[in-house]
Amino acid sequence: MQFHSDKQHLDSKTDIDFKPNSPRSLQNRNTKNLSLDIAALHPLMEFSSPSQDVPGSVKFPSPTPLNLFMKPKPIVLEKCPPKVSPRPTPPSLSMRRSEASIYTLPTSLKNRTVSPSVYTKSSTVSSISKLSSSSPLSSFSEKPHLNRVHSLSVKTKDLKLKGIRGRSQTISGLETSTPISSTREGTLDSTDVNRFSNQKNMQTTLIFPEEDSDLNIDMVHAEIYQRTVYLDGPLLVLPPNLYLYSEPKLEDILSFDLVINVAKEIPNLEFLIPPEMAHKIKYYHIEWTHTSKIVKDLSRLTRIIHTAHSQGKKILVHCQCGVSRSASLIVAYIMRYYGLSLNDAYNKLKGVAKDISPNMGLIFQLMEWGTMLSKNSPGEEGETVHMPEEDDIGNNEVSSTTKSYSSASFRSFPMVTNLSSSPNDSSVNSSEVTPRTPATLTGARTALATERGEDDEHCKSLSQPADSLEASVDNESISTAPEQMMFLP
């Protein structure tokens, strides 16, 4: 009886083991490996391993999975060498990256030495190391050209100039950041730049610290120009006695008869002149800045310069640097008393003082000054003097030049001369040729009124006995035909 039951039990096992073609048995075998626990396996391990096979079971070949490495040129994933195995398998989907990531190191490893465990999770470091150790390519020595990202090291101590304001410099790296916070500590060094070079897709602008928080651009220009311009002292720009200079010292101005300071930031040295020389030196302090409206002062200042120049006095015109404001005043003087245009006057001064460079605001005001001179051209023509190097002008010659306002002065104005046959001639009792049109007449009267107001102010400033001759010459210089016309009924 016992034998019969054992035989039935054996027959039941035989029915299961020796019917491999049964459809039910095929359903239990999972021939396509669809029910394997992939999460339990390593992401880079094979889908099927001999250790996972059931002893005594029939092995069916697994279908070949998708192979990402079968290309003409194998793609290296994150610089990891391909695993040598009988059947290559795809990596886990979480490890797949775009082709562009092959050439870029991760953020946290930009400045570290590349190792076989680069950019791998902590759970897979040991397994990848084992795989790479069994491979002939386990040395993992990649060529430097694959690393396309470079961080720059800048030694700022070579770029920083003493006494010069902080400058900004752009670092042309592919992936750097802005280490502005580190500038609070002081000068950056190479380690500071590398520390902040880990962020992506940013361009670095290093802002070097300033030595003085109150340092401005005028002080920088003054320091530069005082070292490179006017090395031999005041420069003679209009012979024989008109000089251009930057900020002078007290001993520099003691050798001049007239000093015009047109810089607001330069202190007035008039009160420092010794008493025994105060009567000899005439000092004017005009508080101009780089954005001042200088046109309103040009008429008075150019007349003061012209009076002293014609008397042979030694004149010094200066500002802080001697290249912008003071140069503009001398250009205005040349335009008025040498009868030159703005370009010609500027080129004349530029030929002597190579470093002059008025800013555009002053240039535009000189253009306005030239327009004013062209509108008052008959009056200015009588005040035009010859070049000093061609003809030395004395006081008598200046008086005769300013007084002689004959018709010969208008030979360069044929349109005005042709108006002598105008019906308005009968209403003019002056023997001089005068403007005939209402617009010209109104402009002449306005210019004369402005000129007389400036002359009154100038006469008050020159009321001392020592300057009586200057005042007389200045008053005579406006005795022109427009002045005579003002007294007509």
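Every residue gets a Cβ built from N, Cα and C, even glycine.
As annotated in Swiss-Prot, phosphoserine applies, among Ser35, Ser98, Ser299, Ser326, to Ser98. When the residues Ser22, Ser135, Ser377 are compared with Swiss-Prot, the one annotated as phosphoserine is Ser22. The candidates are Thr89, Thr178; Swiss-Prot tags Thr178 with the feature phosphothreonine. The phosphoserine entry in Swiss-Prot, when matched to the candidates Ser151, Ser246, Ser324, Ser412, corresponds to Ser151. Confidence for the domain 'Tyrosine-protein phosphatase' (233-375), expressed as mean pLDDT, is 94. Secondary structure of the domain 'Tyrosine-protein phosphatase' (233-375), assigned with DSSP and counted as helix (H, G, I), strand (E, B) and coil, comes to 67 helix, 20 strand, 56 coil. In the shown protein chains, 27 other C-beta atoms lie within 10 A of the C-beta of Cys319 (active site, phosphocysteine intermediate).
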